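Swiss-Prot has this to say about the protein:
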type: COMPBIAS; residues: 155-173; note: compositional bias 'Pro residues'
type: CROSSLNK; residues: Lys120; note: SUMO cross-link
type: DOMAIN; residues: 191-254; note: domain 'bZIP'
type: MOD_RES; residues: Ser2; note: N-acetylserine
type: REGION; residues: 195-222; note: region 'Basic motif'
Amino acid sequence: MSAALFSLDSPARGAPWPTEPAAFYEPGRVGKPGRGPEPGDLGEPGSTTPAMYDDESAIDFSAYIDSMAAVPTLELCHDEIFADLFNSNHKAAGAGSLELLQGGPTRPPGVGSIARGPLKREPDWGDGDAPGSLLPAQVAVCAQTVVSLAAAAQPTPPTSPEPPRGSPGPSLAPGPVREKGAGKRGPDRGSPEYRQRRERNNIAVRKSRDKAKRRNQEMQQKLVELSAENEKLHQRVEQLTRDLASLRQFFKELPSPPFLPPTGTDCR
């Protein structure tokens, strides 16, 4: 059994790893900063690691893991092995954006409000120097489409202020008011009719004022006359009161006459 195992492993002993990269790796990536070692450098010449099967090729992902840990933005390597996974989604998004740019159907108003939100930054899946990689062009087209849709979704300011939908327009209410005011409005100030009206109004105002003044003066005059008459009456009352008092005093001082019969006797 050991001899059989030794016979199986003996052709691979001392044989280095294959130096040619597999079809999954892109050529021309050697020597770029920030990249891990290329698949051709995975195996050192002269290593004694045995190969399990000669007809199968192994893929070492340690280079991708090291490169992702070294880059702070955690961007994936620009390899075709990952590009195949994302080409379908990006091609579908790019086709939709190109249809909108080439005069396709307009988006509903709800989509414009979503496009105005913060845009999520997609990772850079490819470089310009990589042949056959359309991801940078698709990302640029998508960005331009989003910007154009956001600008088109913003409402343009109206040329004139529009009235609210719940209330009637302001131009309808002042119409009857203006008509009423126009019906009540008199003649022009320069017309003779206007002057005659003004003169008649002035005369009426003057008459009313003069009448009020005359009434006031008459009332004041009557007040003065009544006050003087009242004073005279008070004086007359006082005079009569004094006369009455003097007469009473005079009659009290008079003696009773003897020739007068006593009261209660008959003189006949």
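From the backbone N, Cα and C atoms, a Cβ is placed for every residue, glycine too.
Within the model, the domain 'bZIP' (191-254) carries an average pLDDT of 94. Secondary structure of the domain 'bZIP' (191-254), assigned with DSSP and counted as helix (H, G, I), strand (E, B) and coil, comes to 62 helix, 0 strand, 2 coil.
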